[in-house]
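Features as listed in Swiss-Prot:
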- 161-169, 300-305, ASN410: ATP binding site (BINDING)
Amino acid sequence: MRTAFELVAWSAHRQPGAVALLDPESGHRLTYSELLKRIEGVATVLASRGVVRDELVATAMANTLDHAIILLALNRLGAIPVIINPRLKADEMVQLIRRDNIRTVIRTVAEGKSGTPADIDGVEELTLSAEVLSEGLRIDGNATPAFEAPRPEDPAFVFYTSGTTGLPKGVVIPHRAIEPRVLFMSTQAGLRFGGHNNLLGLMPIHHVIGFFGVFLGSLAFNGTWIPVTAFDPAQAVKWVEELDVTCLFASPTHFDALLATSEFAPEKLKSVDSVIFAGAAINQSILKRLEKCLQVPIVDIYGTTETMNSLFNPDATQERGLRPGYHSRVQFASVSESPSVALPAGVEGELVVDASADATFTHYLNNPEATAAKIVDGWYRTGDSGYVDDSGRVILTGRIDDMINTGAENVHAEEVEQIISRHPAVVEAAVVGLPDTRWGEVVTAVVVVSEPLTADLLDQVCLDSELANFKRPRRYFVVNELPRNAAMKVSRRTLREYLGAHAADQPNPETGFIQFTIEESQ
């Protein structure tokens with residue numbers, strides 16, 4: 001078992017002169033030996049300011065070299081970084097910090113007014129200057145504490161869930177989960193020792209994919225992590241070309257934006273030999289465009305903050321369904337019965353993951369009730385529904401919470417969304433159930449379009465598909481964008497609130513759509 005710090009230290013031992021971190025905006029580079037020196041220096045500073053082993057220390061920063069060094073320095077000390085999404089509003093951060101009894105937060109001078117809120121009662125704020133982050137503190141009496149190997153179950157990091165149904169839960173990741181998470185993701189990304197691996201950090205490191213799969217995975221294999229602080233698709237395309245990026249690991253939203261920017265051209269991405277998407281189901285039109293433009297295997301990853309990547313598809317353009325990951329054991333179980341009882345092939349149920357797997361979390365921070373609800377009889381309940389087909393592949397059908405009950409029939413929102421998204425003018429689609437006196441709920445589609453479209457054309461797409469008649473949307477709305485939470489996932493709860501406010505509106509007689517504007521997402 002190796003800690004995150006030890007993985008980086010081993011890489012520094014193997015190739016001290018290789019470039020570990022590269023800031024694409026300034027061009028500043030850190031070799032592995034320089035990175036290791038910075039980590040030790042910042043760890044010394046933090047220890048001198050009172051940070052101790054097993055202490056919860058919060059950060060809320062974007063993808064930067066400074067943030068990376070701080071997180072590794074905390075891990076070096078045996079402290080527990082609590083990595084908060086910087087997109088959360090200040091009052092949400094304060095609620096998390098107070099609820100989870102976090103007594104120390106770290107900011108940098110460069111953050112200015114961003115990052116964790118200042119002046120929280122009972123919380124110590126450590127502000128690190130550029131000088132400290134670049135030089136550390138090495139004077140007599142301030143030697144870096146000796147490294148102490150942790151126990152496998154000791155907490156290593158805390159990440160937060162996306163919070164689609166309320167305040168995010170703190171997911172405690174133990175030290176024994178670090179290597180399995182990194183190794184599975186890195187091998188799927190095609191990383192190999194001795195290879196030339198340049199990874200563009202599009203995925204944020206407050207997300208487990210961005211941290212273990214891109215950031216730490218890159219460093220564990222002597223690659224170069226190129227952090228993207230703020231996503232600009234045109235600039236990202238330029239960086240891919242200029243910096244010879246070899247792996248693009250991002251969300252479907254990122255890929256859609258990259259393909260849509262005027263800066264995009266297939267030849268600008270000729271250095272890319274690996275593409276992975278995660279975080280949400282991908283629109284088939286995006287997948288086809290990626291395949292046509294890049295002509296490299298496109299890997300589909302499924303996972304959760306709690307279990308990392310339980311399922312994957314090594315070539316999403318050629319194969320249907322997903323396979324269990326190397327460090328996971330999965331099955332489908334009845335929602336109302338023990339998850340230890342597996343359903344037979346072809347029978348739909350809830351996806352559950354073996355909670356004893358090395359990559360799995362231990363518990364939710366200060367939330368034993370939530371832990372008990374999710375880990376049952378040794379299995380983690382994902383809340384996702386699906387089944388195993390006759391070939392042994394896992395077919396996911398959607399979220400159990402997103403199930404629509406219309407006329408006593410169950411409809412998976414994601415299934416309908418995938419059908420509607422087949423129309424080339426549909427940029428994004430979300431399907432929800434709205435209250436209806438006759439049917440209980442009526443299937444309702446909300447779309448973002450790239451060109452004029454009518455509801456009749458979308459209905460024809462459904463009629464021409466394999467979709468059952470009762471699953472067809474009966475109402476269509478068109479909006480400027482879909483509402484998203486701080487994790488950039490579509491917020492169906494917010495969407496239902498908008499739709500409720502416009503439920504009495506009449507469709508445009510020419511298009512069949514009810515149209516309204518959604519305020520800018522968080």
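Heads up, the Cβ atoms here are built off N, Cα and C, so glycines get one too.
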Taking the Cβ of ILE301 (ATP binding site) as the centre, count every other Cβ atom within 10 Å, in any protein chain shown.
24
Have a look around LYS169 (ATP binding site) and count the other CB atoms within 10 A of its CB, chains all included.
26
Hey, does DSSP put GLY303 (ATP binding site) in a helix, a strand, or just coil?
strand
So for THR305 (ATP binding site), how many other CB atoms are inside 10 Å of its CB?
19
Does anything in the same chain, at least 6 positions from THR161 (ATP binding site), have a Cβ under 8 Å from its Cβ, and if so what?
PRO168, LYS169, VAL171, THR305, GLU306
